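Colleague: If you scroll down you'll find the structure; I have some questions about it.
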């Protein structure tokens, strides 16, 4: 930590932070490590495997799988960004991270988080177009539109995140430089700041509306139309088939929004730091592991593509 004088006040600017991880849970660290490592390996294999499958089989060159490939890449990104410091802290107890590295990790993490909000919304729109506008689906979800929808999700998040991280990077940090988390989580980081964060809280509120609530409402709207369309289908077989195309996406939406809402949109007193870390493990390690499994378990096209790839090899 180094000290600088700003407007007559002594403030401290961090040169780096200590990531505590699960340091206070010494008796559980090996157990957590034994769960996280296999989950991380399965997540990497599942998501990389899905990307290979998607690009190698022309039967999967469809809008839904194009967006799923973006989600798989995003899961690889998110998990790798956060698990690096998690594994170090589990092995060492504590780990040091420089201030630039912390801000980089924070930036990459928020990009992944906000992009996933928008990607899930785009995927809901894809299901809406397939079920509610089947005759117009090839036009609505042509290759150009799919690329534009995916690119807008990424670009919006990348540009929008700059403002959030820029504000945090200019804050001063006093006293302890120990982050009670397993990565540079924004909530844990701000607890160390001695700057006035009132303006930042207003920024976070506006960003939350744009990057989380707006995508959620659009996703919800898509499913309102989807449910109405499914209820108007006469045959039960048709209803089951239509619902089965949405069930995997709905499962991921509920799990993802549920965990993120509990951590970032609930009162700070609701969860202890240890509970926050356990919930954070869900969306940084376990949801990325589950995504390829959930989307492929009941998907005949993915199973057939995997079977063809194995036999071809």
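Note that Cβ sites are derived from N, Cα and C of the backbone, with glycine treated the same way.
Here TrEMBL flags 46-295 as domain 'G-protein coupled receptors family 1 profile'. Feature annotation from TrEMBL assigns transmembrane segment to 30-53, 65-86, 106-125, 146-168, 209-234, 246-266, 278-297.
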Colleague: Cβ pairs under 8 Å only, please: of the recorded stretches 65-86, 106-125, 246-266, which one is richest in them relative to the transmembrane segment (209-234)?
Modeller: 106-125
Colleague: Let me check one thing: do the transmembrane segment (146-168) and the transmembrane segment (65-86) come into contact, meaning three or more Cβ pairs under 8 Å with sequence separation of at least 6?
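Modeller: By the criterion, they touch.
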Colleague: As a test: from 65-86, 246-266, 278-297, pick the stretch that has the greatest number of Cβ pairs under 8 Å with the transmembrane segment (106-125).
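Modeller: Out of the listed stretches, 65-86 contacts the transmembrane segment (106-125) most.
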Colleague: Grab the pLDDT values for the domain 'G-protein coupled receptors family 1 profile' (46-295) and give me their mean, rounded.
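Modeller: Residues in the domain 'G-protein coupled receptors family 1 profile' (46-295) carry a mean pLDDT of 87 in this prediction.
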